[in-house]
């Protein structure tokens, strides 16, 4: 009997030690917040206070909204291993429809148009990807060409009529401006957090992403999980399109796969968020990362770095560095 | 009987597609399709695709992809052109090859040592390198010395093409670099458990891909007669499409063969050339190419799975 | 209408490619019965369990649950029919909290207005764990923080959480300590009292005889017999499992430590965190050195570390040839020095299943086949692979046949035979006869014996004691990551004495 007791207390002791580790995580959290803030202060001094001006901070926040929404979309789509490169092209089509409907029926149309298009197209993508078993990135490339083609055809037909592709003018522009855009950001965070952490959709997609085989044997319907997660993600992508349309007021169709460039910044945000995942919840980390990435561009702009060249280099470097950081914890698992 | 059928489908399918395309465009476009000018056009388009593909095939066979090829060729072309302007033509090819290898090595190290997906790394490199090109050129076309222009000679180009391809064919089909690349693509675990330096061969594959991008870059500058910051835009996607359309498995592994690259590049070039001659707009061609990419990849995957069943049964 | 059988299967068949994994399997389990299921690796036990728990679908046959036809399409179907399963080598989803792992797949029962009541879930998980007395777990922490044994207990809790009438336990006891075993026995006892049934799979013959009412024996995908446990002894069971008297005829027949004095490999203070620590030993020329232990003793990881696949935190491995001592840096270096490795999982770690016999055989020898300028002549590859296929009597239709289509035994022959080239001096074999039939087993042993006489040194890692006893000159027994005892062939080893040290 005695030995049983000592065994039990031994295992309890181990857990207590882990609780101690949890508190170490809290210290880690605090440390990383400090580590994030320090460069801000340094840059603020460097730019003679221009960087931390309230108007500048607000502008960073506004810029961070669309990438954050797209990155939330990635949380639900990429986490299960679906690398969909057509999301940029989907966003362009969603922006077009969103703009058209906004002109007709206002804000309701703006949001509905964005969500409907991205929902429908992502559904087609996921269904076909799973059916045909084509690796998601190749399939995404093909679909990106198709969606871009459709967008460009529409654009060309509008130009022939002498019109802009979609121009909102002054209608439905409030969603993309302060204070609404910040409110939407907050709502988005709450939505993403709850779905990712408090619903079976979120748990299923995380289970599939963490260990597909085990999840399957535990009764998770992997196909269903991927599709449900992907559709939730597509809603975020649709919202991002609507916000973007309202913010920019127009959209330019791209050709030659340039639409992929649209998702570079969100990709960097998503990867950076993954690197932070050990410390912050992924959905929260998305906002933090989005602000960090946008701050970086802001700093570069303040420092007079041209937007076409070195800022692009910064995006690329950012994706690579974030990718390396995101995989850092993964090393033990990948043999 | 049925078994033999699948195994020959796997080999014949791309050939049939190519012949069908040629017949279709011969009818739609008419004699213009077979004119000398147009044939030279097609060859001019095929040559860089095959050269680039010969580098890319190592990476794809290992189950990865190199999306930075197009930007790499632009950057390498730019710097090699500048080097030849200041150091003379002797520096042209060495600089191109060295720089290509360097870019490839960077990609390879990040992919193998830091375990980041090749798709992400090379996507990031694609924008980064392009931005550097734009910065260096200032968005303007740079002109090059006359000796570089000599490269636009058909005979010189073909002899460079033939020697390079002979080397690449040898490396891929008859040396351990090609063999191990197939092993890594089939199952990386197997490579690790049989004591193959997986990391080394991954880096090597990206380096070869970079070097080929360098050679294509050098030839492209010669053809245009200067440095255009937009050159090689989405070249890598054309190369990937050539490989997949030719029947190289998207997932890499044992099904990769250099001859498939040749057919794939021909199919793609004939298709694009034919679409242009048939006066199809750029938007529609992109749409058509997308549909064809997905359709063909689906078909080759399907045929390959049948082929594996047949090969497993062991009667051929 | 009440039914005396909780579960009945009639003529179940399942094929995996050319392997007939379950051949007309019929089994009936009564209510309140504790049934044991036993058989060698690859005898079809796990397939049967996967069929019952909906992980895979049968090719033909019928199953009945409580008299009703039962056709599970998914694991969820099995849960809903109150069948709880702990599957061997499954584990948990590391990226999710422990509590969520227990209810994953059925999370909707905590659904409140579309949102999962996490507090309620954690509370239910804790209550569930304490109801079965499984110990206290911080249920909100990630499953990745648990040890192997703790994970097994959570898996058990998961199986119990469906409130099962029929509980299936596949090799759960090997991974857990004595205290938790006692706990498990009491849970099984409780099931019996409530008229519920348990199907237990274990390799521990004495355990299975002690706990179960009846034992079903499987061999090569067929149910051989079902007998009352009280009438059985481990020896009878073994005979039924193997299908003939175990005479040791296919093992070595000498009882001497036969090896030369030259040390070829020296392992010093090798430590890999969480797996093993401070392992030291010497391997001699012409020696077969066995390593055994329970599933979490670290034996497989030790093999991987010696070949250089896992990097040790501490210690080193030295390859010794003609008085030269070379430190083995990694697996590439190991192969170049002449160390070979036969991995445990041949489909995932050893063979390219969608590639030809030829390429698979040539894989470790490619650098030997190289000519000038690195030229690999296809004719040379063909010659080598044909020779290996002939020498080792590998049953393949041609060298271009794909590995996928070969039987387990022939795959294993390739996995093993391809290392028998002129360069290899040391061969590390991890579970060399797992899932192969008796004929191939005997063949592999005879080749090992022959090679040993030629001076090859072999490290044989296995969880099957009889083959280690039958083949090894020396046997290292590991427990919880430490070498606890070394047995010598000359001083004789028995299964009992080894088991005593191992448990």
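Cβ coordinates are placed from backbone N, Cα and C, and glycine is handled just like the others.
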Looking at A:138-157, A:198-217, which one does TrEMBL call transmembrane segment? A:138-157
Name the range, of those listed as A:27-46, A:109-126, A:138-157, A:225-243, that has the largest tally of Cβ pairs under 8 Å with the transmembrane segment (A:255-273). A:138-157
Return the stretch with the most CB pairs under 8 A relative to the transmembrane segment (A:58-78), choosing among A:27-46, A:138-157, A:280-303, A:309-326. A:280-303
Which range wins on Cβ pairs under 8 Å with the transmembrane segment (A:109-126): A:138-157, A:177-196, A:280-303, A:309-326? A:138-157
Contact set, same chain, for the transmembrane segment (A:177-196): CB under 8 Å, 6 or more residues outside the stretch: 58, 61-62, 64-65, 68-69, 72, 75-76, 202, 206, 232, 236, 239, 243, 246-247, 281-284, 286-287
By Cβ distance under 8 Å, which residues at least 6 away from the ends of the transmembrane segment (A:27-46) in the same chain are close to it? 52, 276, 278-280, 288, 292, 295, 299
